[in-house]
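Record features, source Swiss-Prot:
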| type | residues | note |
| --- | --- | --- |
| TRANSMEM | 11-27 | transmembrane segment |
| COMPBIAS | 64-78 | compositional bias 'Gly residues' |
| BINDING | R120, D193 | substrate binding site |
| DISULFID | C160-C171 | disulfide bond |
| DISULFID | C189-C253 | disulfide bond |
| BINDING | D194, H307 | Mn(2+) binding site |
| DISULFID | C357-C366 | disulfide bond |
Amino acid sequence: MNSSCLGLRRTCFLLSVTAAAVLLLLLPRGQPPAAPRRRPPPAGPSRPSPKREARPAGSDVPGDRGGGSGAAGGGRGVAGSPWPSRRVRMGPPGGSAKESLELKDIFIAVKTTRKYHKTRLELLFQTWISRARGQTFIFTDWEDRELRLKAGDHMINTNCSAVHTRQALCCKMSVEYDKFLESGQKWFCHVDDDNYVNPRTLLRLLSAFSPSQDVYVGRPSLDHPIEAADHVQSDGSKTSVKFWFATGGAGFCISRGLALKMSPWASLGNFISTAERVRLPDDCTIGYIIEGLLEVKLLHSPLFHSHLENLQRLQGESVLQQVTLSYGDPENKHNVVSVGGVFGLQQDPTRFKSVHCLLYPDTIWCPNKKMS
């Protein structure tokens with residue numbers, strides 16, 4: 001009895017082991033193999049976003065190809081085009097496109113002196129200032145009641161000397177710069193009281209840039225950069241710096257972004273001390289700060305004009321495409337633009353009235369017919 005039970009147990013044990021072995025052999029064949037776990041691909045090296053260069057196409061402002069007072073060989077623009085070859089509208093990275101520029105965004109500073117209030121300034125108020133009164137500020141050296149009534153708070157008495165010296169010129173430029181920063185406007189443009197400003201072409205030119213860019217545009221009066229002593233070394237020797245500058249007699253413009261960077265050398269009277277250190281007049285000191293210290297290049301433009309150049313070569317319709325014009329001094333009174341005007345030379349010796357009537361024929365004092 002015991003032996004038969006023992007044999008039965010052994011048989012059951014062997015059958016159990018055999019069944020388990022069979023199940024183990026059959027189980028892998030009955031199921032598909034598990035899919036291997038996929039790993040995410042390794043991240044490649046991060047690529048920086050492209051740098052947004054604050055640079056208009058081809059330096060954007062046409063190079064000066066003219067003679068005489070132009071920056072021969074120094075122009076950085078596109079030959080044969082009176083305007084930038086493409087309009088760059090750059091905003092901050094990831095931001096919206098740059099807003100369109102309006103005339104109200106431009107701060108136009110006119111530098112003058114007491115003796116020209118009745119002559120030069122009167123002509124400007126009669127012509128182009130009448131089309132940009134809200135944007136134009138008169139910087140003078142004397143409290144003129146009549147001018148105050150005409151210009152209101154847009155007449156700024158700088159309390160600078162009326163003498164035509166380096167110190168007096170830099171004093172006025174210092175006040176111009178500070179007033180521009182206070183204004184909050186996007187562009188600073190300086191002109192003299194013998195300049196005609198075409199607001200339309202000025203707006204068109206500056207619209208090619210963003211005011212947050214570093215932009216310094218104007219016309220040199222020399223065909224080469226100038227050199228100024230920069231620092232005095234411990235051994236008494238001086239280091240010098242070469243730079244271009246835009247002549248104030250033709251006018252120039254500076255973006256707000258660049259003007260803010262000039263602040264350590266230009267704001268709150270620092271402009272005067274900077275000018276004294278390098279012993280340069282106002283427009284040269286502007287160029288020294290921008291090109292010499294901040295290393296921002298002047299954009300040479302042939303659209304700005306001073307009395308130092310041969311203005312008679314500007315003729316016909318091309319006169320109306322310029323940003324600024326000027327006229328010769330009394331010793332060179334025939335140095336004026338050649339425009340088929342509505343006034344004769346005796347009535348309009350500067351040609352500003354004729355230019356203005358061609359641009360704005362609806363002006364009330366413009367005659368209906370051109371003079372032959």
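Even glycines carry a Cβ here, placed using N, Cα and C.
Features as recorded by Swiss-Prot, highlighted on the structure.
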residue : record                 : contacts (Cβ under 8 Å, 6+ apart)
R120    : substrate binding site : T112, D193, D194
C160    : disulfide bond         : D141, A168, C171, K172, V175
C189    : disulfide bond         : I106, F107, I108, A109, V197, L202, G251, F252, C253, I254
H307    : Mn(2+) binding site    : D194, G249, S326, Y327, G328, D329, N332, N335
C366    : disulfide bond         : V342, H356, C357, Y360
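Under the three-state DSSP scheme, C171 (disulfide bond) falls in the helix class. Annotation note: R120 (substrate binding site) sits in a helical segment as assigned by DSSP. Secondary structure at C189 (disulfide bond), taken from DSSP and collapsed to helix, strand or coil, is strand. Most Cβ neighbours within 10 Å, among the binding-site residues D193, D194: D194 holds that distinction in the structure as shown. Counting other C-beta atoms within 10 Å of each candidate's C-beta, the disulfide-bonded residues C171, C253, C357 are led by C253.
Under the DSSP three-state reduction, C357 (disulfide bond) is assigned to helix.
In the three-state DSSP scheme, C160 (disulfide bond) falls into the coil class.
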